[in-house]
Amino acid sequence: MAMQQREVGVRDFVLLEQITMDKFMENLKKRFHSGSIYTYIGEVCVSMNPYRQINIYGPETIKIYKGRELFENPPHIYAIADAAYKILKQRHQDTCILISGESGAGKTEASKIIMKYIAAITNVHGQNEIERVKNVLIQSNSILETFGNAKTNRNDNSSRFGKYMDIEFDYKGDPVGGIITNYLLEKSRVVQQQSGERNFHCFYQLLRGASDMELHRYDLIKDTSRYHYMNQGSMDALSEKSDYKSTNIAFKTLGFTNEEVQTIWSTIAAILHLGNIEFQSNEDDLTISNKTHLQSASNLLQVTENELSNSLTKRTIAAGGNVMLKEHDATQAEYGKDALAKAIYDRLFTWVISRINRAILFRGTKNQARFNSVIGVLDIYGFEIFDSNSFEQFCINYCNEKLQQLFIELVLKQEQEEYQREGIEWTNIEYFNNKIICDLIEQPHKGMIAIMDEACLSVGKVNDETLLGAMDKNLSTHPHYSSRQLKPIDKELQHRVDFRITHYAGDVIYNINGFIEKNKDTLYQDFKRLLHHSKNVNLSEMWPEGAQDIKKTTKRPLTAGTLFQRSMIDLVNTLLKKEPFYVRCIKPNDIKSATVFDDDRVQHQVRYLGLLENVRVRRAGFVHRQRYDKFLLRYKMISQYTWPNFHAGSDKDGVRVLIEEKGFGNDVKYGHTKVFIRSPNTLFTLEQQRNEMIPHIVTLLQKQVRGWIARCNYKKMLAALAIMRAYKTYKLRFYVHDLAQRFRNAKNMRDYGRSILWPQPPLAGRKAEPQLKRIFDNWRAFMILRKYPRSEWQQLRLQIIAASAMKGRRKHWGQQRKWIGDYLSNSQENTCYQAYTNNIRNLKNVQANNTVLFSSFAKKYNKHNKSADRAFIVTDSGIYKLDGAKHKFKNMNRSICIKDLTSISISPGLDQLVIFHSSDNNDLVFALQGENSQLKEDHIGELVGVICKKYFDICQRDLRVDVNSTIVCRLGGKSRTIIIQGEPGVENPNFRHTAGNIIFEVPPFYCV
C-alpha cells in the first residue's frame, strides 16, 4: 500500500537543519514529486493538491491512523482528524480544524476527507440514528457544492462561500447532530461571470442533467448559450448529468420533501428566465419586450405576471405617510432585475442550509446536550488575487487576514502556554503581525469598512469615485494602503479607479467600481413584498420582511461589509473557545498538473500562509517535545536500563537515564510532563537506533506471540476435550436413562422386552450400544433359562444354535429329546462301546485335546458310487471317519477340519442325511443310522448345533446351513447331485447311483 513506501525528505519541517525558504521549498518539492502530499509543522498539516487520485484514503489506511499519535505514522490529514477527535473524546473538550489556502488548493476536498474519516471511526455499535446523522453530514456536501461552488479560472470546483460546520458528538464520541454556518456567498456570480468562469453548478446541472419532460415543465431548453446569466463566461461541460442525479439523491437522504425539491429547481429556473427579461423605453414608458420569459418567471415563482412586471418597472416609495409610484428607467430596471436575481439566489441558498441544519439538528433533550462536544470544520475561501478584484475579493481577503492573525496568535499562545506549563524558559519570536492590516480594514470610525458605511449613509450624490477620495483622505499615511492619487508615479494603478492594499499574502489591487452598490446591497421593498405573497409556501417563508406595512418606517439595514465584519468577529470568537488544529492547503501550479511544481506560485503561498514563521515559532529553542510516558514507550528498546520496562523510578527518571546513557544530556530540557529536544540530529539519532532494534524486537515478539498462541490453542483443545467428554457422558447417561424407562416393565412381559423397539443411539453411544444389547441379551437369556436346571443349559444352547441355523426349514430335528452327544460310547446305542472307547483313547493320545462332542453310526457314500456302514465322530477340531463295529472303529485317516468347512447341507424330511462341504472338493456324505437299524430319534439337529457352535468358536462367524430336497456336492473333485426320493416298499434308506446322480431312497413318509 502507498502508506508503507519509504519516507522521502523530512516529514516535519521543524526537523529541518536550516530554517530557510530554500530548504523549506526543497523539502516540499521533494515530497510532492514522491507522492507524499502531507508534511507536518509540529501539529499543523501542510497539504499539497496532487491533482490526481491517490490510494491513501481506503479502509486499511483508516485502521492505521485510528487511535494513533501524530508521530507514529507518516503525515496524513487522517492523523489531524484523529487528534481532534481524540481530544474531544478523552477530555470532552471542543476542537476545531481550520482549513485554509487559496482557491484550488484542495480545501473542500480536505473537509470532505475529514468528515468521511470521522464517519468511519464512529458508531461502532451501528445505531441507526447515528448512522443517519453520518449520512446526512456526508450527503450535505453534495448539496452545498451544487449551490455554493462554481468553476473559476483556477479551480473547476471552487467554493464561492465560506462554510463552518459544527459536528456534535455525544458523551460516547458518536456524532448526533451538527449545524452549518455560511459566510458571504458570492451572489454577484449569479448575474455576471468573468471570462473563462461559470455560474454556480446548479444552473448547469438543471439544464444538462434534467430530463426533457422536467425542462418542459420549467420552460427551459438544454442550450446554455440561450440564457444571459450563463453565456457571459465559460460554458464548458463537466459531469452535470451524474451530479444532478447525485444532488437529488442527497435531497432525499436529507429528508427534503418533493415540494421542497420542486421549489428549489423552480426557483433556479425562474432566475434563468429573469436574466433573459429585456426592457424597452418608449418615450416615458418602460415596457418588457419579451413577455415569454416574464410569464415563465412569474409562473415558477407563483406570482402574477402583472405583479412581477410592476415590481420590475416601477418602485413604490413611502414618505411622510404618503405612498407614491416611481417609474424606472431602463438602467434602473436592469439593476433591479439583477438585484432581485441575486437576492432570490442568496435567500434560496440560505434556506437550503437552514433546511440541512434541520435534518442534522441534535434531537436529544437539553439535559443530554449538556454532555455533548463539537468538532468544528472551517472550509472558507482562500486568499484571492484576480485580474480585476472587486468588493467580494476585498471581503474574502479580509477574512483571510483575520484567520491568519488568529493562526499566529493561537500558535504563539499555545507555544508560550506549553513552555510555562512545563517550566521551560520562553524565547520571544520575531514574526510579521498582520494586526495592522486587520485594523486598516475593520478599525471603528477609521477603517475602510467604516469609511464605506459612512459613504453609503451620506445624503446626496455619492459614487465610487467619491468613496475612493474619502479613503485616500483618511488612509493616506497608512503604510499598507496606496492609490494613484497618493502615488502619482505608480502607473500600475488607474487614476480614480484602483487602490492597493499590501496584505500579508502580497499586494492586491482593487477596482473601486461597484463598491458602494455592493456594500449597500440594496433590494427594493416591492420585491420583498412580491415574493412574500407568493403562493409557494417555501418561497414565501424566505421573505418574512415582506409582510411589513408599506407605510411603516423601517430601520436602515446594515451594509454588507458590516454584516460580514460582524460574522468574522463571531467566527473568531467561536474558534477561540476550541482547541485548534490546522490544515494549510497549497496548490502546486495553476494548470492543474499532477507533475508540475511551480516554485514561484508555491513560494508565494508559503509566504502568505506564514508557514516559515510557523516553523520558526515551533523551533523556538526545541524541535521536538513529547510526554515522558510516550517518549519512553517509543525509545526504551535502545537502552539496556529501560528495556523491556523501567522499574527504577518514574517515566521521567527512565527518560533521563536513557538520554544520559546515549550522551544527549546537553541537548535536552526536562519539563514537568514532557522532554524537550533541541537539535534535529538528536532526534534522528534516536530514530536510527530505534529502527536498528525493531527487527530484533519483532522477532522476539513473534516468538512470544506464537508461543502464546500455541499455549492458548492447547488450552482450548484441552477444554474442548473436557467439554466433549462431559457432553458424551451426558448423552450416554441420557441414552441409558431412556433405555431404563423403555425396559422398566420388561421383566413382567412374556418375551422379556424382545418386542420393545431399541432406540437410536446418539453418536457418543454407538460404541456402547453393542455392549448394552449384549447385557440385555444376557439378562433376557438368564430370565428365560432360570426355569431350567443348569445341567440342561448346554443342550438348550445347542438347540438354539441349531434352530437359528435351520431357520425353521426342517420341522423335525430332535428338539424334544435329550441330547447325549457321544452316542457310540453309550452301551444302549453301541454294543461294542468298549472297543470304541479304547480306540478313542488311542486317538486322544496321538492328537491331544480332542474331546468327542458327537458320535454316531452312519452310512457313507463315496466318490466310487459305493456306500458302506461306517461311524464318525466330531471333536474340538474336526470330523473323523471311523470303520464300522466289525473292525473295532478303526480310524480311517479321513477327516475334515472344522475350520475348513464351507457349509452343511441337510434335507427338510425325516431322513438323517447330512453332507459336510469342504474346500478340498471332496465332501463327506453321511446318512445317520443305528447300530443295526434306523435311528428311532432324529439326531440331525444335535449334529448341526454341535458343528455350528464349534465353527463359530474357531472362526468367529456363522457356518451356512442349506436345507433342500436336492443337494449338490463334490466327490473326488466332481460335482454330483443327491436327490432324496421316497420309494414305496423301502424300509431303510439307501443310496443308489443312476445317470450320474445319486438317489437317496427313503420311505415315502420321510418326505415332506
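Glycine residues also receive a Cβ, built from the backbone N, Cα and C atoms like all the rest.
In TrEMBL, the feature region 'Actin-binding' is placed on 568-590, out of the ranges 108-130, 568-590, 775-797.
Neighbour counts of Cβ atoms within 10 Å were compared across the binding-site residues Gly101, Gly104; the minimum falls on Gly104. Only residues 6 or more beyond the boundaries of the region 'Actin-binding' (568-590), in the same chain, are considered here, and those with a CB under 8 A from a CB of the stretch are 28, 32, 41, 43-49, 51, 77, 80, 83-84, 87, 93-102, 104-107, 110, 114, 154, 164, 181, 183, 374, 376, 378, 382, 398-399, 402, 406-407, 410, 596-598, 601-602, 605-606, 609, 611. Less than 8 angstroms from the CB of Lys107 (ATP binding site) sit Ile99, Ser100, Gly101, Ser159, Asp379, Ile380, Gly382, Val583, Cys585, each of them six or more residues away in the same chain. Sitting within 8 Å of the Cβ centre of Gly101, Glu102, Ser103, Gly104, Ala105, Gly106, Lys107, Thr108, and not among those site residues for ATP, are the Cβ atoms of Asn49, Asn155, Ser158, Gly382, Cys585, Lys587. Taken residue by residue, the region 'Actin-binding' (568-590) breaks down under DSSP into 9 helix, 8 strand, 6 coil. The Cβ neighbour count for Gly106 (ATP binding site), using a 10 Å radius over every protein chain in view, is 24. In the predicted model, the domain 'TH1' (807-1004) has a mean pLDDT of 87.
If you draw a 10 Å sphere around the CB of Ser103 (ATP binding site), it holds 23 other CB atoms from the protein chains shown.
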